[in-house]
Amino acid sequence: MAEAMDTVAAFPDAWDAKGKGVKGGKGKRQQHGDQGRKGKGGKGGGKGGKGGKNGGKEELPTERKDELEAQLIALSRGTESSATPRVGDLVEVKVLGSDPQELQGQMGPVLGIASLPSLATPAITVRLPSGETSVSASELRIVEAQRPLPEGSLSFPKSLTGMERKFVHSVCERLGLISQSFGKGDDRYITAFRPAEGSGSSGCEPSAPSPCSPSTTVGGTRLVE
């Protein structure tokens, strides 16, 4: 019986002195280890989230890029919508006027140009498959311009965003056009310029005011900013 009591008395002592203390220490170390691992994981996740937010670069929609680029390509080829046809240009009738013949969609070369007081735009004589006829310049679209090309320009509306103007600048540089932004704030707009072919000019003449650089006249001397 005495041996049994000693055994029972010894068990609690061993638990209090060794078992509880050691196991308790392990519990704390494991708890700190779990917290450390969780803390690192949380921090890593936070960095990943930040990278995802700033990693994506905002770009123009493809459709908008194509629209702006098509206008600049037309300017570089001399087929912009604002261009007046010249003798030798290949043109297409885009609007059916008062002529009873079905001219819309027919194409042919320009034979002559005449300015008439009764017309806001010149009358263009065109050789069409149906025969020669005179059509207002506003009713024609240039399909292929006669070379060499004269100077030309295309001003974009003020509604273009800064990102769109930046895209226009990059396309102009690639196509060999000159681009310049004018105005400030909501009045800012961009214009693309096509130098005349064969002129050997960059489009900015030092002897005359140029749209390529704003200028100020002081005492009869022009200062280019």
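Positions of Cβ are set from backbone N, Cα and C atoms, glycine also.
In TrEMBL, annotation is done automatically, which means it is predicted and not curated.
Annotated features in TrEMBL:
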REGION    1-68  region 'Disordered'
COMPBIAS  20-30  compositional bias 'Basic residues'
COMPBIAS  42-54  compositional bias 'Gly residues'
COMPBIAS  55-68  compositional bias 'Basic and acidic residues'
DOMAIN    132-196  domain 'R3H'
COMPBIAS  195-207  compositional bias 'Low complexity'
REGION    195-225  region 'Disordered'
Handout entry: Three-state composition of the compositional bias 'Basic and acidic residues' (55-68), taking helix and strand from DSSP
Key = 8 helix, 0 strand, 6 coil
Exercise for the section: Kindly report the helix/strand/coil residue split of the domain 'R3H' (132-196) according to DSSP, in that order. Expected result: 20 helix, 25 strand, 20 coil
